[in-house]
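Student: The structure follows.
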Amino acid sequence: MQIKIMPKKKCLSAGRGPLIVFLCQMISAVEVPLDLVQPPTITQQSPKDYIIDPRENIVIQCEAKGKPPPSFSWTRNGTHFDIDKDPLVTMNPGSGTLVINIMSEGKAETYEGVYQCTARNERGAAISNNIVIRPSRSPLWTKEKLEPMILRNGQPLVLPCRPPIGLPPPIIFWMDNSFQRLPQSERVSQGLNGDLYFSNVLPEDTREDYICYARFNHTQTIQQKQPISVKVISVDELNDTIAANLSDTEFYSAKPSRERPPTFLTPEGNASHKEELRGNVLSLECIAEGLPTPIIHWIKEDGTLPINRTFYKNFRKTLQIIHVSEADSGKYQCIAKNALGVIHHTISVTVKAAPYWIMAPRNLVLSPGEDGSLICRPNGNPKPKISWLTNGVPIEIASDDPSRKIDGDTIIFSNVQERSSAVYQCNASNEYGYLLANAFVNVLAEPPRILTPANTLYQVIANRPALLDCAFFGSPLPTVEWFKGAKGSALREDIYVLHENGTLEIPVAQKDSTGTYTCVARNKLGVAKNEARLEIKDPTRIIKQPEYAVVQRGGTVSFECKVKHDHTLIPTIMWLKDNRELPDDRRFTVDKDHLEVADVGDDDGGTYTCVANTTLDNVSASAVLSVVAPTPTPAPIYDVPNPPFDLELTNHLNKSVQLSWTPGDDNNSPITILDIHFAHYSGIKGSWRHKINIDNSDRTLKSKYLNITFLVSKAASHFENKPKKKRAYHMCGLLNFPEPDKKSPRLWKGLGSEPILVITWKPLNGFESNGPGLQYKVSWRQKDGDDEWTSVVVANVSKYIVSGTPTFVPYLIKVQALNDVGFAPEPAVVMGHSGEDLPMVAPGNVRVNVVNSTLAEVHWDPVPLKSIRGHLQGYRIYYWKAQSLSERSKRHIEKKILTFQGSKTHGMLPGLEPFSHYTVNVRVVNGKGEGPASPDRVFNTPEGVPSAPSSLKVVNPTLDSLTLEWDPPSHPNGILTEYTLKYQPINSTHELGPLVDLKIPANKTRWILKNLNFSTRYKFYFYAQTSAGSGSQITEEAVTTVDEAGIPPPDVGAGKGKEEWRKKIVNGSGNFFGLKGLMPGTAYKVGIGAEGNSGFVSSEDVFETGPAMASRQVDIATQGWFIGLMCAVALLILILLIVCFIRRNKGGKYPVKEKEDAHADPEIQPMKEDDGTFGEYSDAEDHKPLKKGSRTPSDRTVKKEDSDDSLVDYGEGVNGQFNEDGSFIGQYSGKKEKEPAEGNESSEAPSPVNAMNSFV
């Protein structure tokens, strides 16, 4: 048996046994589940060279994971950085990220320096890179006095820029006062240093606003240099200027600038040296002056310039080589040439290299007693120096570990024990930079565990690959084995592929691949199993495709798209127009499998595509809609003229004949046109092929070498009469003298398939041949060559094949007709091409711009037309996901293809997966096929929001706590930063209580909530977060328990008869089922059976329900709320009794009160006793505030009428006052006057009774 293993970098054992793979320990970095003890791992940190914006707070990132969760500390400039002593510095909780608040106070320059983060737990310490913090700077230009420059026409000129030194360096450009960029050319251009170079000046260069600008992108500022004035004058103007300033005895004469050979403005001399780092862009520059303007060329003395990485900028004055490597070292020569001479400059290029990884150390998980090694293998120029650290301390001064041995770039471990766990750092450095890598050694003894969810259902379309996951972990590393079927038959065919992460691949899944598969992981500590179900579905097909349609403007058209699919899948039909969504227009109606477009307009023409999608596959079909003009509205009907009659042919000459006839009746509609139809006589009825229109007075028609038949008809002013063959004269051999052809055939095209050229044309008909012996002279020659025309005369055919032509070469082609009399006029020449071949060159300079976590834009340089070797059809992008950055193991690669028509040099890649590693290449396509692929470009998509956690369970409920357990999201789409748990109580009326928000570290999968209320239902909302944001949430509900009552233990099964089995059919994809309605304290027997293709299997077990739970018994007489309520009732009764007593005494003091009662104003009549209220007590005053001492206005001022000295407070009404004789009459007023309302002020004076009324 042959077993395919992908990839091959693994140890395996193959034979006649089951499909099994033994993975080597050093395959790849190991991901330890977060619930197991492990040393810290740095997951996120700021860049090494961190330039900050001095206007914003400084955030220095440091994130790490580990078990137990690590603690963080920082060093600054090599010494401990105590953040507690600096009030502006804080550390994010559960993280090592520093936030320095300089927006409120402080300066960014104060915190410049080199920072390093350390994450530490009981298993070791990991360290970050040295993070150099520097604030960006955008200094102003130094003030300088710039004198105007006056030059003679043709002289060279350099305008200096000399921008201020900023951090990072600014971008330089030249503009005028109107902020318009100055035009540049081969004569005038900007150098790499920012200066503006003129090879020779012209009068149009005269201006006063040459301004150099420096743009500092980091701070979004632009600095401006003082304008430079340049004046270019001719020789005559210069002589006049000089003569005006000289005395009569002096003499001076300026001479015109002569043409001169080139001279380099930059660089100086004949040779120079350039040093560049590996991976950067090498930029070489040569700018020359001369008259006329020199032209620059580049060569490499000891080799050729790399085709796909070489670019010319600045009118070929700058040579750029991207992704430079050590192989690009050498001598480069720039050549400046004009009509008067040639000069050379040689630039010696040396490519150095900062350290880069050949093999970086990877995390190592070993079981006690095992051996292993860490390898740190960098490269660079010069050779990097390697140093090892353990837990952030140089290994030379670290505590000794007998299990390790250092051998250069390798640390060898033997017979490791738990104390050997640590984090090792490898530092590789040279004069151009350094690399720092953390790798831990974690000594664990763990039985196998399978990380893939159990009983996963996989659904795959037939004849496509099927991938069954089995992610696993264990220490020692387990072996993985796959079985199929309930009886445990091992996989023995050679159609299976086992990936290194345990995934089983069926390259071409068939219907018989359906079934249950079991993954088994074993090591010496145990065995773990997991089952997966595979279902194979029928592919979706379009059995009735939309068809090509032609419809008139204003009409209605319908497209049909019938789909056949697997009965278990639900398809969705989507219609597209020109590969875009349908317009948002009511004229477009989609109904099941039909698309109808009403009131069709010209814009509705195009390609309509029906796309049928299911959860597993999709298919599409397209049709073209053509919109035409509507049929003209029929003209008014008139009587048609009668056909002419008495046709007669006379005056038979060599080249003419006279046709005469008698017109028919015009039927009251004037005759405007006479149609004469004639054709070569073939003896076939209805073979009228030619027509001329003449007026009523013309009677002569010239003919050619023909046997002809004439037919005459008439047309009135409103219609055309149908031809009616009244009389016809068949004249055979009418003209006996042929002549040469007057017309050459219409040449269609010249195409070929290597190595031939196929020439086709439209042959002439008998009428056009003008005589017997029709033939064609076919001529051709290469368009770009000096060859003479090659000609051949062929018979009356429409195609000729030229063999032995080169690949895709343009040809000039002409086809000339001839007959027995002679040649037709010289035909027009058309261009065609010989046969195509596959393109030779791949697109160059492929660049990827990641737009967001699911979209990227690819750019490339076009392929030279000569290398395409055919008609350019477009460019094709191949891209695939190599692996997810959150999953270290490799996965099955599925390549995707996008084709972009024509000469486009960029395209979008949609539908990418967040936080993933992608590879892309580009190929050019012609009519023959694809060319070679460009070098693979890799890019990473940023993090996205995660999916919902895979599961959320509430276990172990108690009186005041609940335990939550969950599985991480199946698609984390990044590095999980934390979980968010929100929960709130739900009362008996299903109302939600206050929401509690809780943050949980990302490495947790279990959390205990304490201090909850007993016998209370809670609702939980749970979701994960990455740096991109929060993902979808999962919800769950659970109830805390009540107090246990003293219930005696049940008498299990005593005196009870045997009950019948109760059955319940459940979903086969689940792994649990809740039994309801059971009796407390009772023993039950439960059986579980499963039936599949292999038969029926079952198992039984016995369990006992727990004791009954009694609700909490409370003595109400001892409850505080009950006591308080009784006290409140007693107090209320006491107050009412006091009110009654006061009111009764009050009525006795004032006899006039009885009169008031007898003759009371109806508006203030007290309520009747049968109303159940007291005399002057009103509910309307219950909420009126006390007027005295009870409140003050909102502005804290006391109104005059509210003074404590006012006697109004002692009167019955608010307006009570003394009359003229000093007596107090407010108490005896028969009618109360209403005072203007002020806020919520009471309309009564606050007598004690009223005060009590208000209080009550």
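Heads up, residue numbers simply count up from 1 along the chain you see.
Including glycine, each Cβ sits where the backbone N, Cα and C put it.
Pulled these features from TrEMBL for this protein:
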DOMAIN    40-128  domain 'Ig-like'
DOMAIN    135-229  domain 'Ig-like'
REGION    253-272  region 'Disordered'
DOMAIN    261-350  domain 'Ig-like'
DOMAIN    355-442  domain 'Ig-like'
DOMAIN    448-535  domain 'Ig-like'
DOMAIN    539-626  domain 'Ig-like'
DOMAIN    741-837  domain 'Fibronectin type-III'
DOMAIN    842-944  domain 'Fibronectin type-III'
DOMAIN    948-1045  domain 'Fibronectin type-III'
TRANSMEM  1121-1142  transmembrane segment
COMPBIAS  1151-1171  compositional bias 'Basic and acidic residues'
REGION    1151-1256  region 'Disordered'
COMPBIAS  1193-1202  compositional bias 'Basic and acidic residues'
COMPBIAS  1240-1256  compositional bias 'Polar residues'
Student: How many of the residues that make up the domain 'Ig-like' (539-626) does DSSP mark as helix, as strand and as coil?
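Tutor: Output for the domain 'Ig-like' (539-626) reads 3 helix, 48 strand, 37 coil.
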Student: Decide whether the stretches the domain 'Ig-like' (448-535) and the domain 'Fibronectin type-III' (741-837) have at least 3 CB pairs under 8 angstroms, with pairs required to be 6 or more apart in sequence.
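Tutor: As far as Cβ distances go (cut-off 8 Å, pairs 6 or more apart), the domain 'Ig-like' (448-535) and the domain 'Fibronectin type-III' (741-837) do not touch.
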Student: Restricting to CB pairs under 8 Å, which listed stretch, 40-128, 135-229, 355-442, is in contact most with the domain 'Fibronectin type-III' (948-1045)?
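Tutor: Ranking 40-128, 135-229, 355-442 by Cβ pairs under 8 Å to the domain 'Fibronectin type-III' (948-1045) puts 40-128 first.
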Student: Given the domain 'Ig-like' (135-229), which of the listed stretches 40-128, 261-350, 355-442 has the most Cβ pairs that are under 8 Å apart from it?
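Tutor: Looking at each of 40-128, 261-350, 355-442 in turn, the most contacts to the domain 'Ig-like' (135-229) are made by 261-350.
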Student: Averaging the per-residue pLDDT over the domain 'Fibronectin type-III' (741-837), what integer do you get?
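Tutor: That stretch averages a pLDDT of 79.
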